Amino acid sequence: MKFPKRYAIVLLTFMCTNVCYIERVGFSIAYTVAADAVGTNQANKGMILSMFYYGYVLSQIPGGWAAQRLGGRLVLLLSFVLWSSICAVVPLDPNRVILLVLSRLLVGVAQGLIFPSIHTVLAQWVPPQERSRSVSLTTSGMYLGAACGMLLLPSLVKNMGPQSVFSVEAMLGVAWLLIWFKFASDPPRTDLPKVASKDKMKVQTGGIMAPRTVKIPWARILFSLPIWAIVVNNFTFHYALYVLMNWLPTYFKLGLQLSLQDMGFSKMLPYLNMFLFSNIGGVLADHLITRKILSVTKTRKLLNTVGFVVSAIALMALPLFRTPSGAIFCSSVSLGFLALGRAGFAVNHMDVAPKFAGIVMGISNTAGTLAGIVGVGLTGRILEAAKASNMDLTSSESWRTVFFVPGYLCIFSSFIFLIFSTGEKIFE
């Protein structure tokens with residue numbers, strides 16, 4: 001039996017997000033070690049860690065536009081060429097602040113093109129009844145990549161130094177772009193001359209036949225309440241994710257006096273849980289929809305609400321647990337249920353605007369990236385303020401605000417999605 005092309009595309013996009021998150025987690029691990037070795041303070045660490053997101057936010061909407069016009073395949077190739085080259089040539093020296101700032105900005109710009117392009121590709125290739133699990137599988141690559149990075153890269157840093165992480169990331173990026181170049185292709189075009197070809201394309205693309213020159217309804221998109229429900233939840237999801245991804249190593253080291261190198265397999269559990277729950281959410285959503293157990297709207301709202309509310313509870317419990325096992329448990333539950341919630345808001349843009357999925361994803365991910373800028377930088381300042389107030393960073397009080405802020409945001413965002421979201425197509 002021939003392997004359907006759309007399955008190959010989904011598998012390749014899964015590998016894409018996997019490699020990208022190995023890079024992101026790898027930088028936070030390697031830079032934290034290098035910065036601590038030279039005595040960099042927490043505010044400056046937060047500034048460098050957040051630079052990626054300043055670049056990332058600049059290319060979200062242009063990335064969606066470029067994918068719509070040029071095709072997601074080409075834009076993904078260009079992205080990987082740029083960020084892999086930077087990883088290959090830039091030295092990881094915390095004292096060379098300007099070079100680090102510029103390099104992280106450029107890596108952010110390059111990777112900001114990725115998710116709008118991926119969602120454009122998936123909206124074109126994947127039929128509606130397979131979208132939840134396809135998007136969930138693709139995005140679960142992020143979490144598996146983060147899990148692999150947390151498991152393997154601390155040992156690499158310990159044995160070969162922080163710079164070795166950059167080299168490995170560059171090699172992984174080049175390997176993926178070569179595979180993508182060879183096996184990926186743009187979807188069938190809409191300008192095929194025969195009706196039979198058009199009918200075939202409808203089956204392959206789920207009826208999404210908008211040509212690349214279609215007029216984009218910018219005003220309607222920007223003033224749509226269901227779109228804003230997606231945007232708000234994307235912001236909150238990424239605020240919580242990026243705070244944990246960038247500051248969890250510091251929390252283990254300073255808050256719990258525990259080295260990542262000594263944690264073994266347990267340090268990858270939060271991200272492995274995200275991988276599992278993301279796919280569970282996608283399969284469950286498709287099951288509820290295809291079996292007509294719930295409508296698309298009710299399915300999205302149910303999974304989004306359960307995911308965000310449970311995550312909020314676990315986030316606010318995190319600083320109260322003063323043992324490594326308690327912290328791992330809370331962070332695993334929080335991130336796992338956040339990933340489950342992606343079967344709500346993160347697929348919803350393909351429900352409401354399938355022809356403009358890349359554009360809506362670009363807008364939504366812009367908000368998510370702003371969350372990275374705000375959350376990662378703000379956390380560094382919160383910790384510095386705690387130190388200035390003579391609070392001990394080993395105490396739970398100094399970390400309470402760090403984890404309570406995303407917890408409250410999760411509760412607020414779940415209500416916004418319940419009130420304003422829909423699973424119906426609103427943009428033809």
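Here the Cβ of each residue, glycine as well, is placed from N, Cα and C on the backbone.
Residues or ranges marked as signal peptide by Swiss-Prot on the basis of sequence analysis: 1-22. Long-range contacts of the signal peptide (1-22) within the same chain: residues 76, 80, 111, 114, 118, 121-122, 125-127, 130, 134, 137-146, 148-149, 153, 169, 172-173, 176, 179-180, 183-185, 204, each at least 6 residues beyond the stretch ends and with a Cβ under 8 Å from a Cβ of the stretch.
Look at Swiss-Prot and you will find 47-67 (among others) tagged as transmembrane segment, backed by sequence analysis.
The transmembrane segment annotation in Swiss-Prot covers 74-94 (among others).
Residues or ranges marked as transmembrane segment in Swiss-Prot (evidence: sequence analysis): 98-118 (among others). Sequence-distant neighbours of the transmembrane segment (98-118) (same chain, 6+ residues past either end, Cβ-Cβ under 8 Å): 13, 16-17, 20, 23-24, 27, 31, 48, 51-64, 66-67, 72, 75-76, 78-80, 82-83, 86-87, 90-92, 138, 358-359, 361-362, 365, 369.
Away from its own ends, the transmembrane segment (137-157) comes close to residues 10, 13-22, 24-26, 29-30, 33, 118, 122, 164-165, 168, 245, 260-261, 265, 267-275, 278-279, 282, 335, 339, 342, 346 of its chain (Cβ-Cβ under 8 Å, at least six residues beyond either end). Residues or ranges marked as transmembrane segment in Swiss-Prot: 137-157 (among others).
Sequence-distant contacts of the transmembrane segment (164-184), counting only residues of its own chain at least 6 positions beyond either end whose CB sits under 8 Å from a CB of the stretch, comprise 8-9, 12, 15-16, 19, 22-23, 26-27, 29-30, 73, 76-77, 80-81, 83-85, 87-88, 90, 92, 153, 156-157. Here Swiss-Prot flags 164-184 (among others) as transmembrane segment.
Per Swiss-Prot, transmembrane segment is recorded for 221-241 (among others), and the stated evidence type is sequence analysis. Note on the transmembrane segment (221-241): residues 304, 308, 311, 315, 334-335, 338, 341-342, 344-346, 348-349, 352-353, 356, 359-360, 363-365, 367-372, 374-375, 405-406, 409-410, 412-414, 416-417, 419-422, 426-427 of its chain, located 6 or more positions outside it, place their CB under 8 angstroms from a CB of the stretch.
Under the heading transmembrane segment, Swiss-Prot lists 269-289 (among others), citing sequence analysis as support. Long-range contacts of the transmembrane segment (269-289) within its own chain (CB-CB distance under 8 A, at least 6 residues past either end) are made by residues 25, 129-137, 139-140, 142-147, 149-150, 244, 248, 295-296, 299-300, 302-303, 307, 328, 331-344, 347.
Marked as transmembrane segment by Swiss-Prot: 301-321 (among others).
If you look up Swiss-Prot, you'll see 327-347 (among others) marked as transmembrane segment, on the strength of sequence analysis.
According to Swiss-Prot, the transmembrane segment annotation covers 356-376 (among others).
Marked as transmembrane segment by Swiss-Prot: 401-421 (among others). Beyond its flanks by at least six residues, the transmembrane segment (401-421) meets 225-226, 228-230, 232-233, 235-237, 239-240, 243, 247, 251, 297, 300-301, 304-305, 308-309, 311-313, 315-316, 318-319, 338, 344-345, 348, 375, 378-379, 382-383 of its own chain at Cβ-Cβ distances under 8 Å.
Looking at which of 74-94, 301-321, 327-347, 356-376 has the most CB pairs under 8 Å to the transmembrane segment (47-67), the answer is the stretch 356-376. Residues 46, 49-50, 52-54, 56-57, 60-65, 67-68, 72, 108, 112, 115-117, 119-120, 122-123, 210, 216-217, 221-222, 227, 230-232, 234-240, 242-243, 246-247, 349-350, 405-406, 427 of the same chain lie 6 or more positions beyond the ends of the transmembrane segment (356-376) yet place their CB under 8 Å from a CB of it.
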